[in-house]
């Protein structure tokens, strides 16, 4: 009898403690909201304690640690914000009436993640009351960037790539192909996000390819034109490059030759300039007259000598 009575008392105490315990819950597991908008993370708590002395706290769960979002004190009504959440987060106006929800304004991609709501009361210090909710910030895909990897030469393999820099949730990618007559043709889809591989391309591969990037809140696309060329065009291209290089070498050689010839002419001119310029020297007119007069006197004197010499010679008798 005593043992049964003890069991009943223990059960009654357990029921009383459970009824008096603090509980916290979130009404939704996942919330979605667009970037730049506001979202309310729901959280409610239940307690039979009338004294609201304690605090409400929200944290963001990271891989190896937690990041404080906000702490709100029941008594002082003051906020303690995390580094990224100041002036962006507010607690419900009914915080003292079992509503521990918060509203986050101006959502960014960094707000994606799992959040934990906890309520602590002085009268329920032994109770660890927490609940979690996941926030997914929605961002439409940005216009994808399409590109070709490989040479568009008949017989080659090429890859078509498509990627959006932004998008939450992560965009899904799909491809469509149209021939030169604008007729859609069947295409084996790659795994979303992987390049589209085109093997042994030919004229049948020619046309344009459209990549579509989409998620829950938007859709964007880009297109690529595929025009395979014959291998001979590569030979012509290389020949053109070689011819251009040859012409460039000839031009450089002519320039070097002209420079060398000019340098040689400059040296010869310098050598010529170093010689005295005899033609440039002229005898003054006065001296020219004196020299001319002296020459005339000298000629007259020679003439007289020749004349006198001829007359003074006696005639020889004829034998």
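Every residue, even glycine, has its Cβ placed from backbone N, Cα and C.
Some features that Swiss-Prot has for this protein:
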- 43-117: disulfide bond (DISULFID)
- 146-222: disulfide bond (DISULFID)
- 162-211: disulfide bond (DISULFID)
- 140-227: domain 'Ig-like C2-type' (DOMAIN)
- 99: N-linked glycosylation site (CARBOHYD)
- 112: N-linked glycosylation site (CARBOHYD)
- 200: N-linked glycosylation site (CARBOHYD)
- 223: N-linked glycosylation site (CARBOHYD)
- 22-235: topological domain 'Extracellular' (TOPO_DOM)
- 236-256: transmembrane segment (TRANSMEM)
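All protein chains shown were included, and the count of other CB atoms within 10 Å of the CB of residue 200 (N-linked glycosylation site) stands at 9. Of all the recorded positions in the list 162, 200, 211, 222, the shortest Cα-Cα distance to residue 112 (N-linked glycosylation site) is found for 162. Proximity to residue 99 (N-linked glycosylation site), defined by a C-alpha to C-alpha distance within 10 angstroms, is shown by the following recorded positions from 43, 146, 162, 200, 222, 223: 43. The Cα of residue 222 (disulfide bond) lies closest to that of 211, out of the recorded positions 43, 117, 162, 200, 211. Annotation for the disulfide-bonded residues 117, 146, 162, 211: lowest Cβ count within 10 Å of the residue's own Cβ, 146. Taking the disulfide-bonded residues 43, 222 in turn, the residue surrounded by the fewest other Cβ atoms inside 10 Å of its Cβ turns out to be 222. Nearest neighbour of residue 162 (disulfide bond) by Cα distance, taken over the recorded positions 43, 146, 223: 146.
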